[in-house]
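The compositional bias 'Gly residues' annotation in TrEMBL covers 326-340. The compositional bias 'Polar residues' annotation in TrEMBL covers 356-369. Taken from TrEMBL, the feature domain 'CSC1/OSCA1-like cytosolic' applies to 225-464. As annotated by TrEMBL, region 'Disordered' applies to 1-21, 36-73, 293-373. According to TrEMBL, the transmembrane segment annotation covers 120-141, 183-201, 477-496, 516-543, 555-575, 595-621, 665-689, 715-736.
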Amino acid sequence: GAAVTAKPSSQACETGGARTYGRTALPWRRHAATEAEWQPVTECSNEREEASAVVKDDDEAEAEGDAPPPPSIKVARRYASERLMRQRDGDPSPGELYPIYTPLGDFDRFGTDISQYMHFTYYSTRLFLFLFFLNLANMVINMEGGRLLELDLDVNLILGAVTWHTLGNTAVNGVLSQGAHSYSVIEFVTAGVLVFYLYFVKDKMDGIRTRIREQNLATLTAANFTVQVHDVPQGWTSRDLRAFFEQFGNVVHVGFSLNNRELIMQVKRYYATRARYTDASLHLLNTLSKANRRKRAGTIRKYPGTAGKYSTTPGTYPHGRPLPPDGGGAGGSNGAGAGGKNNTHSTHIKPDGRNDSATAETPLSASSLAKNARAVRRARRAALRSYEAVEVDKKQMKQLMRKRYACSGYAFITFDESSVATHVEELFRRRLLCAQLLARNRAHSETDMSVTRAPEPSDVLWENLQYNAGSQWRRQLLSTSLMLVLSAAGIFLIFTSNVQISPGVRNEPQSFLEFFGLWLAALLTLIAGHLIVFWIVLPISFLFERQHTHGDRELVLMVKLSFFQVATVVSQAFLFLNTSTNTNPDPDGRFGPGWYVSGANVVMMTLIGDLVAIAIVWEGLRIFPDLFRRHVLAPRAMTQAKMNELYEIPAEVTLAFRIQLMNKFVVVGLMFSFAMPVLYLVCAVYMWIAGWVDRNNFLRRLTPPPVTHDKQMEIVLSVVLPTAVVAHVVMALVFFNDLCLLDETDNYAGDSDKVLPPLAEPQLCAAVEPLSGSTCVASSAMERGLFSSISDYLVPTSDAFARQLEAAGYDLARAGPA
């Protein structure tokens, strides 16, 4: 947060939030155990003089000269570039930007999470590409089948391309009739590769974590010497904490965190108001300067050679701006320079070489003068309003600084040696020993005081430290419940719109143009529905949740976004199991061939849509907010500081969004990859593109985020990836079981009003002839035990039944498979 310069009173006192630990906190007042206070330095005491300076009349402004030079985009671009991560001593080019193709080890400087994420995308690209080639034989077998060839190639070209390579298109009289050993062997090898990858990548990530910690020992920060104490016993003072921890080593500082969120937020508001006041003041100065220049414009245009106080060089306006072509100057296009035909003044050269031109004022029109006056009045009113707002916020801040604040239950203990901090952290992980140590100190054995490694000072959200674990969980429950309701509504709307819009589900397009229009509308609906999750989670998280560090905030965002993103896709895919569609008119909750036209199509289009719209367009081009901020908002900034702020793009929670999208591809891709082997290729392409997009963003566009430890990637390695592998194995069994079961009973096992297996051998279906309003399909299926009695062959005669037989490959005229 923003800092306020503070000075202690005559008594020695310590600051909450650890002034020594990071020096980024606000002016803390010590808790009630001491009378010491911190008073802010009146660094802004001259605000009234500043305010009076910006409300001068035009003559005073003119007498003092023009406003400062306007903000420059070049300066803002240079400022943003200087904030990027640069090579340090020992690198090939110290002080220069890292090349885009820099080794992955250089990302260690960004922190453990970013380095592990970049390595994970690199390894996963090769994993998915290997799995694609391993399962290529299965995909070829699927494409050679004939289940879904009833799709009209001329009309449903895209839908055919999505479904023909899936397991639903495989032929019953192909490898399935021989026991499907090819599918079994390849899936067994695939599962083994995934299990091996779990251990391989975990070992690699552990190595990265160890390497970064060893590197940090060479560049120590305050966090290396500090531990964070949780649940400080009530009534303990800084002396008590110092006495307790000095049994492990020399303590150089004890910092209490106070319940002063209101003060911190007020200080932030105060600084934001001051920034607006500065913008308004400079806007007023620029407006006055512009009005004065307009008054002088007539004289300067008429006498372009003037070199008095209004022009620094011949033929220019003040500040060196060139005159327009029609202004002439020396050699002007209209001949208005020396000797030009429109030249109406005489220039005298004095002995010292200065031009002495005659001056004759050319007054502006009354409407121009009135327009200038209105602009000045508006700017003056805005400056005064912003100044009044500054005074109000300053008064409220001073009132809050006079209050006393209790300890929030957290403290930061800084030792003089980093090894002592590490030893204390490891020691307090053992609860029993911790309780014994506390029991020796004032019999506080009932407390749950614990110690963890202190985060980096820049990583701490000081205003949230007053919220304990119970309050955080309650707020998490509230925000998660709200997001569940909104996401459920979004899922229902997306599913309903896709059922009604998507071609091949319930629509039957008659031309490719009609099909492409429906397909594009369904794809855009999917993308928009998933973007809603982004727009919901982030504002709700900032509004309700109170994480203590930026790393914790990113972790919670990543987990929630990952869950809702995966749940949105998986729930829609499963909803189609019981939805009537053109290819699955009587759904029975199984992954039959008809599901691949609807449910599998949703999965495929979702991942392809995210690959193109999110990975390439949104994150790759970063049209919004980056280009919008830099090319629309920044040029309109009235101060250089504001322009620099708008041109600089902070990383903030970028890593959380990148990891959650990666999790979506890993979980959804592996979950449905047995039925759709091409998903291996889609995931490999995404991982490859994500690696290069993130290289460009982290090295060329984004200001490095606060350094965080491996909290997010630890969730990926210990929860997300194992869950994806288990889901892949389980769903492979489900997909194969449902397909084989439906093949044995022609997708209609147990129903007496359904047709026989569509691709049975010719001898299984001898005749199709009407019998008293019904159709009897005779075959040797009873001998195979597929039906228990002849009544199972009786089905009502109808056009729908005839279409089902024809779609299944039967020639009714020859009474057998076509």
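Glycine too: its Cβ is placed from the backbone N, Cα and C atoms.
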Long-range Cβ contacts under 8 Å made by the transmembrane segment (665-689), restricted to residues 6 or more beyond its ends, are 121-122, 124-129, 131-132, 135-136, 138-139, 142, 165-168, 187, 190, 194, 562, 566, 569-570, 573, 591, 596, 600, 603-604, 606-608, 610-611, 615-616, 620, 720-721, 723-725, 727-728, 731-732, 735-736
Can you find at least 3 Cβ pairs under 8 Å between the transmembrane segment (183-201) and the transmembrane segment (715-736), where each pair is 6 or more residues apart in sequence?
yes
Where else in the chain does the transmembrane segment (595-621) make close Cβ contacts, counting only residues six or more beyond its ends and a cut-off under 8 Å?
148, 151, 159, 162-163, 166-169, 498-499, 502, 504-505, 522-523, 526-527, 530, 569, 572-577, 579, 581-584, 587, 627, 658, 661, 664-665, 668-669, 672, 675-676, 678-679, 682-683, 685-686, 689-690, 693-694, 696-697
Contact yes or no, the transmembrane segment (555-575) and the transmembrane segment (477-496), 3+ Cβ pairs under 8 Å, gap 6+
yes
With Cβ-Cβ distances below 8 Å as the criterion, list the same-chain residues six or more beyond the ends of the transmembrane segment (120-141) that contact it, or say none.
104, 165, 167, 170, 174-175, 182-183, 186, 189-190, 193-194, 197, 200-201, 204-205, 662, 666, 669, 673, 677-678, 680-681, 683-684, 687-688, 690-691, 694, 713, 716
State the mean pLDDT for the domain 'CSC1/OSCA1-like cytosolic' (225-464).
73
Positions on the same chain near the transmembrane segment (516-543), where near means CB under 8 A and six or more residues out
158-159, 479, 482-483, 486-487, 490-491, 493-494, 497-498, 501-503, 507, 509, 553, 556-557, 560-561, 564-565, 568, 602, 605-606, 609-610, 613, 653, 657
